[in-house]
Ligand code: C5P
């Protein structure tokens, strides 16, 4: 039996060249057991025909808001209700704008406005349209409204440009539909598990009033804690100084320095999964005295540094009480993947989440992240640029798959 057995998906096909892949998506969804009903925008019909969609779906496709037969028979309100999820693929810039703005000039957008079902969009458009501030604004609005997003992927586009904009592959979209339905059914894949996560920067005291720090905001680590709690885990979040609110349902242990973080992590064990997302200072001032350093005629004091404990490596290399799944992060500004591969071996962890934090990416402190997942076996997976919350949800879903059974 397919993972979507008994589920009904309303597939809204938008007007883009990727619409041909939506025909394949119908097949994939049906293979997994879902019943699929299609709505095509006017633009979509320039690329694929309602007949093709209907043939693959095994039921008639809908195109018009004011279709006399339709309004008597099924109508837009029933289309908006008689399903378990709505999938928009391809979600064009125009469809995203209409949904974000609440405009409903045609059947597809009316259904999207009328529905209370979970919605998943698979954006597909020219890279410049995707990166345009208006589209990114609409994306943020939609995510804020609880719309799930899959893709777009990076790759060559129809216009021979390269960049983010390619629609996610049908299998990826079908996976995202499964995850969306699992979430909306309140499934708790990490129920009964303890997940430990470190987050934020550390502050390394120079004297009682001064410290060394870094620019980590803690957004990604905190989002992972929140997503793990939503997935049913008992979560301990060991956090350096951040300005973020505590995620709901999470035990937060606040520390300042790397050594305090290590002690708090050790005290929180045992855990089934440990995720080290904190930006731990590599060094601390060697000679921390209890008194404030005074300005004097001898000039500035020397700042001698000494190495901090590597928390990730310490925990990953434990022979006793090592969490079965240990995840590290690698924030790099060059050769992201090569450095991450070296790091996985050096630290002894099972998985590395690598991201490019060079200034131009805006990852540090920003709300979005582009990550690569690198496994101990050398496997590499590159995710599209996503909201940090979405990176967290996907990562947690993956950890739930990877964590060994208790
Ligand atoms: O070596 P690097 O700092 O790049 O490694 C990053 C990974 O190691 C992150 O997962 C970070 O949380 C962890 N780390 C740590 N303790 C340190 C330094 C890094 O846990 N002292």
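Cβ coordinates come from backbone N, Cα and C, glycine included.
Marked as CTP binding site by TrEMBL: 282, 292, 309, 310, 311, 312, 329, 343, 347. Per TrEMBL, the feature domain 'Flavoprotein' maps to 7-179. Feature annotation from TrEMBL assigns domain 'DNA/pantothenate metabolism flavoprotein C-terminal' to 190-401. According to TrEMBL, the region 'Phosphopantothenoylcysteine decarboxylase' annotation covers 1-194. Feature annotation from TrEMBL assigns region 'Phosphopantothenate--cysteine ligase' to 195-406.
All protein chains shown were included, and the count of other CB atoms within 10 Å of the CB of residue 311 (CTP binding site) stands at 25. When secondary structure is read from DSSP and collapsed to three states, residue 309 (CTP binding site) falls in the coil class.
Secondary structure at residue 282 (CTP binding site), as computed by DSSP, is coil. Of the listed binding-site residues, namely 309, 329, 347, the sparsest CB environment within 10 A is found at 309. Counting every protein chain shown, 13 other Cβ atoms lie within 10 Å of the Cβ of residue 282 (CTP binding site). Mapped onto three states, the DSSP output places residue 329 (CTP binding site) in strand. Within the model, the region 'Phosphopantothenate--cysteine ligase' (195-406) carries an average pLDDT of 92. In this structure the residues listed as binding CTP are 282, 292, 309, 310, 311, 312, 329, 343, 347; their two most distant Cα atoms lie 37 Å apart.
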